[in-house]
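The Zn(2+) binding site annotation in Swiss-Prot covers His94, His96 and is backed by sequence analysis.
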Amino acid sequence: MSKESQLEALVAACHWIGAKGWAPATGGNMSLREDARWCWLSESGKDKGSLTTDDFLQVDIATNLAPSGRKPSAETGLHTLIYRLFPEANCVLHVHTVNATVLSRVEKSDALHLSGYEMQKSLAGQITHLDDVPVAIFDNDQDIDALAERIARHHRQFPLRYGFLLRGHGLTCWGSDVAVARRHLEGLEFLFECEMQRRLLERA
C-alpha cells in the first residue's frame, strides 16, 4: 500500500478513535513511518476526530525535528523511539482511554499482566489465552527525552511487544501497518475493560 493510502487509513483510524472518545480534548497522537529516516506525525493541539492528511507533519526519526517548522505532537520522542527500536513498526497510536489511564494508576507494579482472555489472540503472535501477556507501565514524565531513555533501557532488559502504558496518562501501541496497530489498540482496550470489570467484581 502506498504512503498516501496508509496515511488515509491512519486518518480514518484517527476518526474512529475520536468517535470512541479515546483521545478527548485534542489528546493523543498518531504517526506513520515513511521510511528509515522519516515518519508522519499528527500536529499538536488537533482534534483527532477531525484530522485530515494535512494535519500530519514529516518528522526526522533521528532528531525529532519537523522540516516544516510546524509543531509536532508533544510525545514525538516516543514515536521516534518506537521506530528506532522496532524496524518492523510502521504505525504508532497513542490514546488517552479511561481504562488505560485508570488501570495504569491502580496497578502498582511495573507491568499489567493479562492472562486467560481469548482476546489476547488479537495481539500479533499470540495463539492462546493461556499465555501471560505483560504490558509494561512507566511513570509519566513531562521530560520526554528522559522518559524515552527509561523506556529504551527497560526494553533492552525486558523486550516490549504491542504497546506500553504511561501511568495516569494512557496507552501507546504499534503495529506493522495501520490495520495491525488499530487491531492492537482495539484488542488491548477490550482487555483493559475486561480487567477493570474483573477487579471491580472481585472487590464487590
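Going from the start of the chain as shown, residues are counted 1 onward.
Quick reminder: no glycine exception, Cβ is built from N, Cα and C everywhere.
Given the structure is predicted, the values throughout are model-derived calculations rather than measurements.
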Neighbourhood of His94 (Zn(2+) binding site), C-beta criterion under 8 angstroms, separation at least six: Gly28, Asn29, Met30, Ser73, Glu75, Leu78, His79, Gly170, Leu171, Thr172
Cβ neighbour count within 10 Å of His96 (Zn(2+) binding site): 20
DSSP-derived class (H/G/I helix, E/B strand, else coil) of His94 (Zn(2+) binding site): strand
